[in-house]
Amino acid sequence: MNTNKIKHIGVFTSGGDSPGMNAALYAIAKSAEVNDIKVSGFLKGYEGLIDGDLIPFKSHELKKITQKGGTILKTARSKRFLELEGRKKALQTLKANKIDALIAIGGDGTFRGLLAFSEICDIPFIGIPGTIDNDISGTDYTLGFDSAVNTAIENIDKIKDTAESHNRIFIVEVMGRDSGYIAIHSGLTTGADAILIPESGKDFIYLLNKVKNYNNEEAFLVVVSEGDELGAELVASKIKEINSDVDLRITRLVHVQRGGNPSAFDRMLGIRMGVAAIESLLQGKKNVMVGISHNQLHLTSFKEVVKQHQVNNELYELLELFGK
Ligand code: F6P
């Protein structure tokens, strides 16, 4: 029985969709229902908040979508919410619908939005990290990262078959706007010869050393993060400067990585984080994001969460070792 003053929660997904968001939505609906709290879902992220575009949530309907990728609430990157005018409209929506807490699932831009919103709106906000990029401080894993890496791996394995058949160099570009996590995980686990990420300054030097010794008689796989400062085209032309005889192709995996059914890990993470978000509200928490470290859920303030993410040292060391 919910004795807390929270009676009606609003929830939305924002930024790039990521597999596992739907599982989190189901868990939020279920946990709220058990605690006698009404839940409404805002459509298209902050846009729905501004326009008052909302739908009621029922857990028995949502359990059918736990296994589905994307987000049933739809999502957007809202320019209007960046303006105070947009945030004021969103505040009116919350008041008009008597919403006394908000849960947002999204990336760092989403949490920056909530921080700005907290200056004019004092109801509690809870965040759930949902982005395939895994670039959020305060959690070891974001929702969707594991699924995206699995999709990348599945595709890179296929590319390797054809690369090996033709003794070609393949440069595979994976997603990650400012983050090399998908590249590191998918590159290491597919036996890439070189991995290029935005966070490293040495990776290109390792690549050039390897290319100097490349004899065109085997496959050579480069996994490059889209956020890398060089990018696939420039890397390709640098390789050709060293060895003009190479047979080279570029493949971009792009949005394929964002879609598809969530992995078991992301479904479970969504369910755990969704329930934790409701429990945090019941415990009176506000302006914090649910994260996971050492397989334990914990809360981190939005102010910490929006700080620049770091690739951990162990991963750097792996990159050095396998880059040589
Ligand atoms: O959601 C994260 C992400 O997929 C990044 O990896 C990528 O850079 C960006 O979103 C692409 O965004 P959009 O789909 O809006 O082009």
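Glycine is no exception: its Cβ is also placed from the backbone N, Cα and C atoms.
TrEMBL annotations: computationally assigned, not manually curated.
The ATP site in TrEMBL is built from Arg77, Ser78, Gly107, Asp108, Gly109, Thr110 plus one of Gly16, Gly20, Gly41, Gly176, namely Gly16. Record check, TrEMBL: ADP site residues include Gly191, Ala192, Asp193, and the candidate from Lys160, Lys202, Lys212 also listed there is Lys160. Checking the candidates Glu85, Glu217, Glu218, Glu226 against TrEMBL: the one annotated together with Thr131, Ile132, Asp133, Arg168, Met175, Gly176, Arg177, Arg249, His255, Val256, Gln257, Arg258 at the substrate site is Glu226. Counting every protein chain shown, 18 other Cβ atoms lie within 10 Å of the Cβ of Gly109 (ATP binding site). Close to Thr110 (ATP binding site) in the fold, though at least 6 residues off in sequence, lie Ser14, Gly15, Gly45, Ala104, Gly127, each with a CB less than 8 Å from its CB. With a cut-off of 6 Å between Cβ and the nearest atom of ligand 1, the binding-site residues Gly16, Gly109, Lys160, Gly191 reduce to Gly16. Geometry remark: Gly191 (ADP binding site) versus Asp133 (active site, proton acceptor), CA distance 21 Å.
The binding-site residues recorded for this entry are Arg77, Gly107, Asp193, and the Cα of Gly107 lies nearest to that of Thr131 (substrate binding site).
Of all the binding-site residues listed here (Gly107, Asp108, Asp193), Gly107 has the Cα closest to the Cα of Val256 (substrate binding site).
Nearest neighbour of Gly16 (ATP binding site) by Cα distance, taken over the binding-site residues Asp193, Arg249, Arg258: Arg258.
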